[in-house]
Amino acid sequence: MAVYNTKLCLASVFLLLGLLLAFDLKGIEAESLTKQKLDSKILQDEIVKKVNENPNAGWKAAINDRFSNATVAEFKRLLGVKPTPKKHFLGVPIVSHDPSLKLPKAFDARTAWPQCTSIGNILDQGHCGSCWAFGAVESLSDRFCIQFGMNISLSVNDLLACCGFRCGDGCDGGYPIAAWQYFSYSGVVTEECDPYFDNTGCSHPGCEPAYPTPKCSRKCVSDNKLWSESKHYSVSTYTVKSNPQDIMAEVYKNGPVEVSFTVYEDFAHYKSGVYKHITGSNIGGHAVKLIGWGTSSEGEDYWLMANQWNRGWGDDGYFMIRRGTNECGIEDEPVAGLPSSKNVFRVDTGSNDLPVASV
């Protein structure tokens, strides 16, 4: 009887530890907003004025067409980075790089690897909170080109629809680290196999203000392609040490990474310059692709980012954000992985050497 009670007690302890790990969260949390706030327009002339009249802002704000009719609630839906259960980080290595590595003062992955056209793509997540999936899929697509010399676009839809609860809640938000883990154990098909657009040419949420998470089909839209053969994998998942030198070294050596940050109301108004938070409430967490860095003419160090709100937002779809101060938590948790050669037929470049950055 005593042995049975001991086993029962141990089982209870392990169950409790499991629950604590499952619900112990890490990451970005949004403010609790009132219904009145959620129903108000996200774009405000007052915010534009406050930013543009601030001599120390370092960036310009505007009422851009992308969110001209959107409420705060509709804008918030796009911010799909959820606080991540800490269990997802168990066993995930934190990568650092040789501090003596000499890095350029400015770097842009688009020009470093000009053969990789995917790096410069600006996509549109529509009305779905799928930023966590876009940041991951776009970065891995770029890394396949950098590593293997092949331009491919991987499928956001596969990750969004088929990863399930492990990755979060699909269009209602997810976990960037879990997206990269999905690449390792399940792989992700190409955009050609499982596109993010339906047969009417409407982006998955483009037609509806609250598009539901698509269903996982595990079948290519073209009968000429097999789902299993279209899968592309990563061989590792890791976070990058949270300091500018290591983040720069990772991008310089391996290509773009996925980063997350806290979005405030003023960010919706970004037009140009080096963003830093000036005014407005914390709306939620957003994930994007980090493709480079530099220093502005005013002497402000910045990260160069590719967003997925189409080219009508920001600076032709891109934005710069202050570097070295962990602005809005941007340097907290860069996530990445290395592409696998499984299912890949390497492009013959006439050399056994891997492509490297040209700077």
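Cβ coordinates are placed from backbone N, Cα and C, and glycine is handled just like the others.
Residues annotated as active site in Swiss-Prot: Cys131, His286, Asn307. Among the features that Swiss-Prot reports, disulfide bond is placed at Cys116-Cys145, Cys128-Cys171, Cys162-Cys216, Cys163-Cys167, Cys193-Cys220, Cys202-Cys207, with the record citing similarity to another entry. Swiss-Prot lists Asn69, Asn151 with the feature N-linked glycosylation site, giving sequence analysis as the kind of evidence. The signal peptide annotation in Swiss-Prot covers 1-26, and the record cites experimental evidence as its basis.
Rounded to the nearest whole angstrom, the C-alpha distance between His286 (active site) and Cys131 (active site) is 6. A coil conformation is recorded for Cys216 (disulfide bond) in the three-state DSSP classification, outside any helix or strand. Note on proximity: of the recorded positions Asn69, Cys116, Cys128, Cys216, the one nearest Cys163 (disulfide bond) is Cys216, by Cα distance. Ranking the disulfide-bonded residues Cys128, Cys163, Cys167, Cys216 by how many other Cβ atoms lie within 10 angstroms of each Cβ puts Cys216 at the bottom.
Sorting the recorded positions Cys116, Cys131, Cys162, Cys193, Cys220 by the number of other Cβ atoms within 10 Å puts Cys131 first. On a Cα basis, Cys193 (disulfide bond) lies 20 Å away from Cys116 (disulfide bond). Here the recorded positions are Asn69, Asn151, Asn307; the one with the fewest Cβ atoms within 10 Å of its Cβ is Asn69. Each of the disulfide-bonded residues Cys145, Cys171 was scored by the number of other CB atoms within 10 Å of its CB, and the largest score is that of Cys171. Secondary structure at His286 (active site), taken from DSSP and collapsed to helix, strand or coil, is strand. Taking all protein chains in view, 24 other C-beta atoms sit within 10 angstroms of the C-beta of His286 (active site).
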